[in-house]
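Asker: Per TrEMBL, the features are:
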- 1-21: region 'Disordered' (REGION)
- 1-12: compositional bias 'Basic and acidic residues' (COMPBIAS)
- 87-151: domain 'Cadherin' (DOMAIN)
- 152-260: domain 'Cadherin' (DOMAIN)
- 261-365: domain 'Cadherin' (DOMAIN)
- 366-470: domain 'Cadherin' (DOMAIN)
- 471-580: domain 'Cadherin' (DOMAIN)
- 604-701: domain 'Cadherin' (DOMAIN)
- 719-742: transmembrane segment (TRANSMEM)
Amino acid sequence: SGRRQERGERSGQRMAVRRRQRLGPGGGRALPAALLLLLLCVWCRAAAERVRYAIPEELGRGSLVGPLARDLGLSADQLPARKLRLSEEKQYFTVNEENGNLYVNERLDREEMCGESATCSVSFEALVHNPLNIFHVEVSIEDVNDNSPVFSKTVLDLEIGEWIPPGARFPLEMARDSDAGSNSVLTYQLTSNPSFSLSMKEKPGGKKQPELVLESVLDREKQNSFELVLTAVDSGDPARSGTVQVRINVTDANDNPPVFSKSVYEARVAENLPVESVVLRVRATDADAGPNGRVSYSLGSVTDSVRALFSVDSESGEVRTAGPLDFEEKNKYVFTIEATDGGGLNDDCEVQIEITDENDNAPEITILSLSSPVPEDAPVGTVVALMKVRDRDSGENGQVSCELSGEAPLSIVASSGGSYKVVTSGALDREQASEHRVTVVARDRGRPALWSSRELVLEVSDVNDNAPVFEEAAYSAYVAENNAAGALVLRVQARDADAGANGRVSYWLAGGSAGAAGAAPLVSVEARSGALYAQRSLDYEQCREFTVAVRAQDGGSPARSSTATVRVFVLDRNDNAPRVLWPAAAAAPGEAAGGAAAAPFEVVPRSAEAGYLVAKVVAVDADAGRNAWLSYELVQASEPALFRVGLHSGEVRTARAVGERDAAKQRLVAVVKDHGQPALSATATLHVVLAESLQEALPELSERPAGAEAAAAAAELQFYLVLALALLSALLVLSVALAVLARLRRA
């Protein structure tokens with residue numbers, strides 16, 4: 001096999017024929033720049049043509065077939081992007097990804113691949129991407145003389161009667177050579193012998209059969225047997241030969257050979273005929289009687305494949321099938337049948353059996369290329385798959401139609417050479433369907449029709465065509481004041497129908513309401529979760545509500561976004577105690593004794609009845625709601641039964657009539673409480689002097705402890721007295737002026 005490979009490579013080097021048949025540029029020659037536009041148009045049409053090469057068989061693995069990329073019009077710079085590769089159904093050849101040359105991938109034996117066919121070629125598809133296209137490549141396998149002529153028998157036995165006259169001819173077995181063309185043309189040589197010579201007989205189809213010619217009369221008593229060597233030599237370079245031994249036994253009288261009724265027998269049978277079925281019957285007659293006239297039939301010099309498919313009954317001459325017939329493997333068989341009588345004389349005839357086709361092969365679907373996943377924004381008409389459909393039958397049995405089964409925006413388009421393209425027929429939307437499953441059904445036109453199917457799964461890749469959508473357009477959140485910094489306020493959520501980075505949502509603050517403190521520094525948002533956190537403690541008394549805008553943005557390019565409004569309401573807490581406006585707040589408990597004289601006082605006449613309004617405690621609370629509802633209570637008094645305070649009004653009134661026994665000076669302490677939980681409070685101290693007039697009350701006031709506070713109180717009292725007199729005088733003057741004006745107006 002090593003010498004055979006070397007001879008095949010030398011023969012391939014000697015062969016100068018590498019045929020390329022295309023329309024368009026080729027051969028790798030530089031072209032003028034002015035012709036580029038014209039060649040581009042020609043190249044577009046050349047995509048559907050066939051590229052042909054011719055190589056000898058038996059080339060070793062890695063042998064160069066031809067510059068495929070150059071013949072397809074692809075430069076070396078384009079190869080990485082165009083991704084030139086071969087269809088997966090053929091393994092005889094491979095293409096180099098760097099230079100685009102086509103190489104032999106495994107040893108090619110023409111006889112194994114094509115048998116006795118006159119021509120032998122391998123067809124396959126070359127695929128290029130960006131854009132996707134398909135080219136048909138055909139490699140013709142040329143025969144080399146790698147097979148020697150072979151005889152089916154090692155010894156040929158002949159019986160020749162001594163009475164046979166010179167010039168009689170005896171057919172000898174034809175050798176078989178598996179090569180094709182001139183390598184299978186045989187010549188025969190016979191070892192030199194004065195009694196015999198070799199002659200050639202022309203057979204139908206141009207073949208020559210060797211015949212043994214008797215040159216002189218045989219004398220059995222002198223020599224009863226002969227041993228000769230028949231050599232078959234082919235026409236190859238170098239020539240090959242095969243030999244068979246011819247043993248001749250000299251017998252007595254058998255002067256009539258068998259004769260077939262026809263020289264050629266023909267029959268037509270359908271493939272898949274059952275084994276042992278009768279195909280035809282041959283008949284030969286012999287004019288001799290007895291054993292010399294008894295004819296037996298046998299297959300002549302035939303190949304092993306013929307012996308495996310046909311047999312002949314030695315007595316009846318019926319040719320039967322010995323194995324299954326397949327039209328797709330071979331559609332015609334030609335072989336010889338020999339008829340031999342009991343005396344050793346024989347005759348032969350040719351049998352031609354034509355095999356007719358039946359629809360016994362379902363279409364074969366081969367996926368050449370599948371572009372999956374495909375982006376959802378792919379335009380209508382985008383090629384997503386390339387297929388090749390082949391039916392090994394012939395005629396209508398081999399005519400195939402394809403269709404798609406399934407709900408998907410896809411259609412199938414026929415191409416040249418039994419190829420089909422699956423293209424998009426509508427818009428794709430990954431959010432509605434992330435993958436499409438369709439079934440390619442191929443059906444022939446036989447009766448009954450045969451069909452096959454192949455499922456295609458097309459995944460749809462995501463494109464950022466959806467913006468994030470918030471669950472709510474506007475959110476409301478309620479936060480109690482005095483919250484801790486970093487407390488969770490609200491969690492917003494937006495969903496993006498896209499996938500991957502296109503559907504990954506991030507959150508940002510897009511703005512907010514502007515108040516005294518501004519909304520921006522009050523809250524922050526976590527980018528991944530959408531959680532809003534308070535940046536600092538909120539104060540209801542400073543900010544009761546504010547608004548922020550949250551933007552959700554996906555990770556696509558370009559990014560898409562949407563905005564939602566969040567309105568945050570601050571809830572009040574009871575964090576402010578009531579504040580007494582009048583009278584001034586009492587001193588601390590430890591200072592009560594010393595601060596009594598500093599507290600305001602009211603003068604109540606001793607003639608006051610029950611319900612007399614002494615004063616009104618005025619207090620406010622900065623809180624709101626129940627936290628700002630105030631109630632008043634008298635907690636301490638010199639005469640507890642003498643005064644009472646309104647629960648909600650804060651008015652201090654006499655609970656009974658003032659008596660003579662009541663002390664002239666009374667001290668009242670009232671507490672102001674809110675309704676919060678827990679409640680907060682403040683106290684107010686009020687001094688009351690029981691006197692009919694202010695002058696009568698002055699002696700009582702003068703008895704108050706001396707000191708800085710007493711002097712201040714006296715000065716304040718004098719100020720109020722002067723102010724009161726001034727107001728009374730002003731009112732009197734105003735009354736007199738109004739009266740004068742009124743009188744003047746009437747006058």
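Cβ coordinates are placed from backbone N, Cα and C, and glycine is handled just like the others.
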Asker: Select the range from 87-151, 471-580, 604-701 that forms the most Cβ-Cβ pairs under 8 Å with the domain 'Cadherin' (261-365).
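Answerer: Between the stretches 87-151, 471-580, 604-701, 87-151 has the largest tally.
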Asker: Under 8 Å between C-beta atoms and at least six residues away from its ends: which parts of the chain pack against the transmembrane segment (719-742)?
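Answerer: Cβ under 8 Å, 6 or more out: 694.
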Asker: Do you know the DSSP helix, strand and coil residue counts for the domain 'Cadherin' (261-365)?
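Answerer: Here the numbers are 10 helix, 46 strand, 49 coil.
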